[in-house]
Amino acid sequence: MLIEIPNVFSKQEVNQLREQLDARTWIDGNQTSGMMASTRKRNQQLDKDDPVALQIGELIMARLLAHPLFVSAALPLQFYPPLFNRYQGGDTFGYHIDNAIRSTSDGMVRTDLSATLFLSELNAYEGGELVIQDTYGQQSIKLAAGSLVLYPSTSLHQVTPVTSGERTSAFMWLQSMVRDEGQRRLLFQLDQSIQTLTAQQAAEQELFNLTGVYHNLLRRWSEL
Ligand SMILES: O=C(O)CCC(=O)C(=O)O
Ligand SMILES: [Fe+2]
């Protein structure tokens with residue numbers, strides 16, 4: 001399941017973030033890749049300990065953890081904090097699958113979900129599509145600045161060459177409370193329907209029951 005989350009940041013906010021990020025020192029992106037990825041990757045990144053990157057990363061995580069659609073879809077347990085990349089002048093990242101386990105200062109994170117937060121305006125570059133081989137086929141994703149795509153880390157994916165302009169983004173991984181993609185999707189669908197019915201002030205007793213079912217499934221399927 002691939003989910004687009006629009007307007008995580010407003011245009012004005014994104015412009016401010018990009019300005020701060022542009023002013024930092026960008027380094028060869030291969031410093032953070034796994035073995036499979038490094039032969040296929042040509043881009044730039046900020047050092048993971050860059051203080052501005054860390055601060056903006058915190059802001060992104062806080063924003064996402066307060067976003068009902070993100071929380072419903074991801075059921076987040078632990079982030080691998082956002083990193084920042086930039087593609088220009090033909091930079092690309094060929095097909096790969098992200099490493100399964102990443103270590104942070106707080107311990108190991110299993111990468112159940114991957115996300116890209118687009119920080120460049122759509123008209124600021126050509127190419128740079130994030131192409132994801134999802135369960136439902138291939139999807140080509142290029143979102144407005146401030147919007148995020150969330151997809152299973154089991155997916156093969158690539159970033160096509162940026163043939164003009166510049167594509168800046170934040171990318172991150174997270175461990176979900178529910179490891180299994182199918183179970184996570186069922187919980188998401190159930191939760192979304194409950195939210196819609198709640199907004200319509202429909203069938204109170206059935207909603208009460210369904211909410212109980214949601215929590216009992218989550219209790220059964222989550223690992224903390
Ligand atoms: O730039 C992106 O959207 C994705 C980056 C990516 O796939 C990675 O760094 O593993
Ligand atoms: Fe990747």
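Backbone N, Cα and C atoms are what each Cβ position is placed from, and that goes for glycine too.
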Could you look at H157, H215 and say which one Swiss-Prot places alongside H96, D98 in the Fe cation site? H157
Distance from R167 (2-oxoglutarate binding site) back to H157 (Fe cation binding site), taken between C-alpha atoms, in Å: 17
For R167 (2-oxoglutarate binding site), which residues of its chain lie six or more apart in sequence with Cβ-Cβ distance below 8 Å? R86, Y87, Q88, F118, S120, A124, Y125, G127, G128, V159
Rank the binding-site residues H96, H157 by the number of other Cβ atoms within 10 Å of each Cβ, and give the residue at the low end. H96
